[in-house]
Amino acid sequence: MANYISSVLKSLLLLLHLVFLIQQHVDSASIVKFLPGFEGSLPFELETGYIGIGEEEEVQLFYYFIKSERNPKEDPLLLWLSGGPGCSSISGLLFENGPLAMKLDVYNGTLPSLVPTTYSWTKTSSMIFLDQPVGTGFSYSRTQQYNKPSDSGEAKRIHEFLQKWLSKHQEFSSNPFYVAGDSYSGMVVPATVQEISKGNYQCCSPPINLQGYVLGNPITEHAIDYNYRIPFAHGMALISDELYESLKRVCKGEYVDPRDTECLKLVEEFSKCTKGVCQEVVIKPLCVTETPNCYIYRYLLTTYWVNDVNVRKALQINKESIGEWVRCYFGIPYTHDIKSSVPYHMNNSINGYRSLIYSGDHDLNVPFLATQAWVRSLNYSIIDNWRPWMIKDQIGGYTKTYANKMTFATVRGGGHTAEYKPYETYIMFHRWINGQPL
């Protein structure tokens, strides 16, 4: 009898220990009221934390959550995924659509400063900025035994993250929910939307109040994205008429891994012509190093800021997570198993979800021509034809709306991500998320 009682007690103690460990990791969320480098208390509500993913919750995904500054009880809830794969979501928070930005002072050895922005999407929406896949930003694995990330696998992990996050934040379970991102997240976001939609029908209660998704300059299919660089470069006067006509005649519109020797030579000539161009926004100087007069200097300042011991303490970073933080880590063993996200867009449209697809019109990486091409391939009827959308009396870009609830828009003068035209992108998003015509 004594042995039996002892065994039961040991089992109970083990169970309590496991519960404690799970609580340590899964429920590790903290309200952040002050951040080093920002003067005074934060003028918005910021929460940071980890959510455990997997059977043993070995993967710990880190997030920043900012409540809507308007009406968090009713405003939409957005999940933001940065590209890469392997780029921290702080890229969105500090450069693209968050309420804070780096103050662009020359680094002098002291902690870089933060300043408030006027273009934050959190003015009208609550936002979760998620570091994914594992190995990105502050997300990490407690063991080496976990499923290596992939496009389709990330869609499932993100869905699991959302289910667990919403179970801890049930006050947001009825808010309209959207998935958003840019660049490489163009491969993951549509698959994530489909995964959530499938979960709502098959398994999960309560369902996530999924309404749609937002994508900026999304990578969609390598061949489409690359093939349209040539006509885009010609339109931007980066290559000559003669080279463009030769490329069209010899390569017949297929410029990816050409087997024809003459086509290969012409593609190499194209590469030489565009080698000195900033791929993200062709009108910006190409910067090799992060010097103070360069646009990407803010990335260096962010690295200094995030790696400060007091900043990491304020953000409640688990000490076991990572060593030095990097904005984009491209050493993640990642499987690119979705070759085209176009079928996911088609399925999501059939299921009735709204979508805003926007393109900075000076991006050479994913030209607006490529995005236009796959949107056009969906073959949906047009309900609002090509027209300028305005900010006061100035053209912010051009837009077209389709019968499948998809809106396509360009951002005039914009680049690969929203950071190049954050105010204009905010105006566009604000109108769309509130159901207004652009």
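Cβ coordinates come from backbone N, Cα and C, glycine included.
Here Swiss-Prot flags Ser183 (among others) as active site, drawing on similarity to another entry. Counting only same-chain residues at least 6 apart in sequence, those with a Cβ under 8 Å from the Cβ of Ser183 (active site) are Ser82, Gly83, Gly84, Cys87, Gly216, Asn217, Pro218, Ile219, Asn365, Val366, His416, Thr417.
Marked as active site by Swiss-Prot: Asp363 (among others). All protein chains included, Asp363 (active site) registers 27 other Cβ atoms within 10 Å of its own Cβ.
DSSP assigns His416 (active site) to coil, not to a helix or a strand. Residues annotated as active site in Swiss-Prot, with similarity to another entry given as evidence: His416 (among others).
Feature annotation from Swiss-Prot assigns disulfide bond to Cys87-Cys328 (among others); the stated evidence is similarity to another entry. The Cβ neighbour count for Cys328 (disulfide bond), using a 10 Å radius and every protein chain shown, is 15.
What Swiss-Prot records for Cys251-Cys263 (among others) is disulfide bond, and it gives similarity to another entry as the kind of evidence. The Cβ of Cys263 (disulfide bond) has Leu247, Val250, Cys251, Glu254, Tyr255 as same-chain neighbours under 8 Å, each 6 or more residues away in sequence. DSSP assigns Cys263 (disulfide bond) to a helical segment in the three-state reduction.
The disulfide bond annotation in Swiss-Prot covers Cys287-Cys294 (among others), and the record cites similarity to another entry as its basis. The Cβ of Cys294 (disulfide bond) has 17 neighbouring Cβ atoms from other residues within 10 Å, across all protein chains displayed.
Of all Cβ atoms in the shown protein chains, 6 besides its own fall within 10 Å of the Cβ of Asn108 (N-linked glycosylation site). Per Swiss-Prot, the feature N-linked glycosylation site maps to Asn108 (among others).
The N-linked glycosylation site annotation in Swiss-Prot covers Asn347 (among others), and the record cites sequence analysis as its basis. Under DSSP, Asn347 (N-linked glycosylation site) is assigned to a helix (H, G or I) in the three-state scheme.
Around Asn379 (N-linked glycosylation site), a 10 Å sphere centred on its CB holds 9 further CB atoms from the protein chains shown. In this structure, Asn379 (N-linked glycosylation site) belongs to neither helix nor strand by DSSP; it is coil. The N-linked glycosylation site annotation in Swiss-Prot covers Asn379 (among others).
What Swiss-Prot records for 1-28 is signal peptide, and it gives sequence analysis as the kind of evidence.
Within the set of disulfide-bonded residues (Cys87, Cys251, Cys287), the lowest number of other Cβ atoms found within 10 Å of a Cβ is recorded at Cys287. Long-range Cβ proximity for Asn347 (N-linked glycosylation site), meaning a same-chain Cβ under 8 A and a gap of 6 or more residues, is found for Gln194. Counting in whole angstrom, Asn108 (N-linked glycosylation site) lies 17 from Cys294 (disulfide bond) by their C-alpha atoms. DSSP assigns Cys328 (disulfide bond) to a strand in the three-state reduction.
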